[in-house]
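Take a look at the structure below.
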Amino acid sequence: MTVLADRFGRIATDLRVSLTDRCNLRCTYCMPAEGLAWMPQPEQLTDDEVSRLVRIAVEQLGVTEVRFTGGEPLIRRGLVGIIAAAAKLTPKPKLSVTSNGIGLDRIAISLKEAGLDRVNVSLDTLDPARFHTLTRRDRHSDVLAGLRAAAEAGLTPVKINTVLMRGVNDDEAPALLRFALDHGYQLRFIEQMPLDAQHQWDRHVMVTAEEILAALEPFALQPDDVSRGTAPAETWLIPGYTDAAGQPARVGVIASVTRPFCGDCDRTRLTADGQVRNCLFATDESDLRKLLRGGATDDRIAEAWRAAMWGKRAGHGIDDPTFLQPARPMSAIGG
Ligand code: SF4
């Protein structure tokens, strides 16, 4: 067993796998209404290719957590099979999915039975009309049904990811937290990042961690007594509340822009077309698909993956004047 180390001494043990660049929503901060030029099918890794790379990562490179993302991973037909294959690996990695929740009510039990541990579901508003404005689709009730089904299937803790935008939904922070507390979900607010397909991200529109915490003042949040470790979310205790497991309730803020956490980063990413990204904001990638389809051995692929991670930069560099937004949009990278 070797590890995915970089020259700053960080070790990547958390693998994010984007299973598709396609999505059934059109969130305004992610892609244009007409969608994008989707990845041609032959360029996308097959289910077996995905499973082989996940196996190499777990069995040879020390990966202990695998999160399946997209686009929207639930639209990938082979999702249950891919999860079942990952669940059979030794040691079994922690398995999670980041989803927009649409269709989760139909598949939650199968995902749980296949070995999935938990889910993160995106929800930016409690208002169906505003949901339509934000996503250009009328699927708000489907997302709520997906959340319920995930909790009932035991895919817990069910975490909600929320992106706030100034003048759009930033007035809903307290209501979203109350909703999560009332249903036993764990809420994470995420600062909007410069990863949109339109390259229109504007720091002044982004709602900062400081502003989010100010909006949550009525909850009298307390510093968390559990160390953050390598987790992206900074968390706070919410006095007087417990979560679905009877533990003190927490709320999280993922402040990639204003409070970067790159120094402790343990993430490595695989795109749906078989490229390794050593950082969410990487501007170059390493091609494992070519090796896979060229008959390379597992050892050769593992070696290439290690080399890709060794070159990881110290941080995302968003504050650097030289910062370049990656060409690949968030919808083709995944959370
Ligand atoms: S921006 Fe890159 S280095 Fe920083 S935490 Fe995210 S993936 Fe890690």
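Backbone N, Cα and C atoms are what each Cβ position is placed from, and that goes for glycine too.
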_Residue in R16, R22, R203, R313 which TrEMBL records at the GTP site where R67, T98, K159, R267, T268, R269 also bind_ = R16
*Report, in whole Å, the straight Cα-to-Cα distance of C23 ([4Fe-4S] cluster 1 binding site) from C265 ([4Fe-4S] cluster 2 binding site).*
27
*Cα separation, R16 (GTP binding site) to Y29 (S-adenosyl-L-methionine binding site) (Å, whole number)*: 21
*Among C265, R267, R269, which binding-site residues lie by ligand 1, judged by Cβ under 6 Å to any atom?*
C265, R267
_Using a 10 Å cut-off on Cβ-Cβ distances across all protein chains shown, tell me which of the binding-site residues (T98, S122, T268) has the largest neighbour count._
T268
*asked:* So the record assigns R16, R67, T98, K159, R267, T268, R269 to GTP. If I measure every Cα pair among those residues, what is the longest distance in angstrom, as a whole number?
replied: 21
